[in-house]
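Copied over from Swiss-Prot:
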BINDING   PRO24, MET25, MET26, GLN77, LYS146, HIS178, ASN218, GLY219, GLY220, GLY240, ARG241  FMN binding site
SITE      ASN104  site 'Interacts with tRNA'
ACT_SITE  CYS107  active site, proton donor
SITE      LYS190  site 'Interacts with tRNA'
SITE      ARG193  site 'Interacts with tRNA'
SITE      ARG306  site 'Interacts with tRNA'
SITE      ARG309  site 'Interacts with tRNA'
Amino acid sequence: MQPDIAPNPHSTRPGLSRRFSVAPMMDWTDHHCRYFMRLLSSQALLYTEMVTTGALLHGDRERFLRHDETEHPLALQLGGSTAAGLAACARLAEAAGYDEVNLNVGCPSDRVQNNMIGACLMAHPQLVADCVKAMRDAVGIPVTVKHRIGINGRDSYAELCDFVGTVHDAGCQSFTVHARIAILEGLSPKENRDIPPLRYDVVAQLKTDFPELEIVLNGGIKTLEQCSEHLQTFDGVMLGREAYHNPYLLAQVDQQLFGSVAPVISRHAALESMRPYIAAHIASGGNMHHVTRHMLGLGLGFPGARRFRQLLSVDIHKAENPLLLLDQAAKFLEGH
């Protein structure tokens, strides 16, 4: 089932599909990262870093909403828990051209918990439902939710069903489920991505019990072969850290998961395709490392990978002409 996906008939953008997506990741999925990832896959749904309602309503709005037209299909992830604030931000997202707005109900960080953002909201399903309804009433683009299978103290399957059912009653049709509970005290966000065990079986049961909903699986997925297996059960898969650290995995997403017959871009061609973008960023006063830090994984597993990473990170800061370093790094990928 693919609810809420019809593209604007007057748009040349690819239609929004959640069959494969790259997770919102703080400090990682900025607009430079997304531009690079889009070069590798035309079909993957990309997400922004989480933006809080306070930051968007009272901060540098242009910076938080900035994106390139090539990044579509593109979703804005919001963090917040007030219906009015989330509705206002959803309107801003729609006006800025985003294809979807997603509510974060999965982040376990202490910093966001203190502001009633993220996974702690799983303890308040009706509040989440009220927020979703307000957002849906405010915009015409899809409103989705990303959440865990539970939190400590509220981690039974019955409570998960209560959460999903309540939020579904508010109109949400698509749920991206990180197949771990979140432990809200005593673990860092990084530990919360590793220590709680993965429970794909729980998410599969959720899909069985809510067949009318779009259920996207997130957590621990590392290969496109695993994606294909999970897509026999779930409507979509979302990759996080693996897609960032090994970005060339995205180069075969269109062919393996969407049936594209287009040729797969080479690692070398991907890096070369970024050169004009990087040159423009430098010309506008930016630092090349803002962009190339997201590209270090292109050399993963290659002889000289360490030198490749060094050229695009450490050496940049002392280079008079950083584009020469980019060209040196490209030589490591020639023929690949």
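Residue 1 is the first one shown; counting continues down the chain.
Yeah, the Cβs are placed from backbone N, Cα and C, and that goes for glycine too.
ARG309 (site 'Interacts with tRNA') carries a helical DSSP state (H, G or I). ARG241 (FMN binding site) carries a helical DSSP state (H, G or I).
The Cβ neighbour count for ASN218 (FMN binding site), using a 10 Å radius and every protein chain shown, is 23. When the Cα atoms are compared, GLY220 (FMN binding site) and ARG193 (site 'Interacts with tRNA') turn out to be 9 Å apart. In this record, FMN is bound by PRO24, MET25, MET26, GLN77, LYS146, HIS178, ASN218, GLY219, GLY220, GLY240, ARG241; the longest C-alpha to C-alpha distance in that set is 20 Å. Straight-line distance linking the Cα atoms of ARG241 (FMN binding site) and ARG309 (site 'Interacts with tRNA'), rounded to a whole number, equals 18 Å.
A C-beta separation below 8 Å, combined with a sequence spacing of at least six in one chain, links MET26 (FMN binding site) to GLU49, MET50. Just so you know, the Cβ of CYS107 (active site, proton donor) picks up 25 other Cβ atoms within 10 Å once every protein chain is counted. Spacing of ARG306 (site 'Interacts with tRNA') relative to CYS107 (active site, proton donor) is 32 Å (Cα to Cα, whole number).
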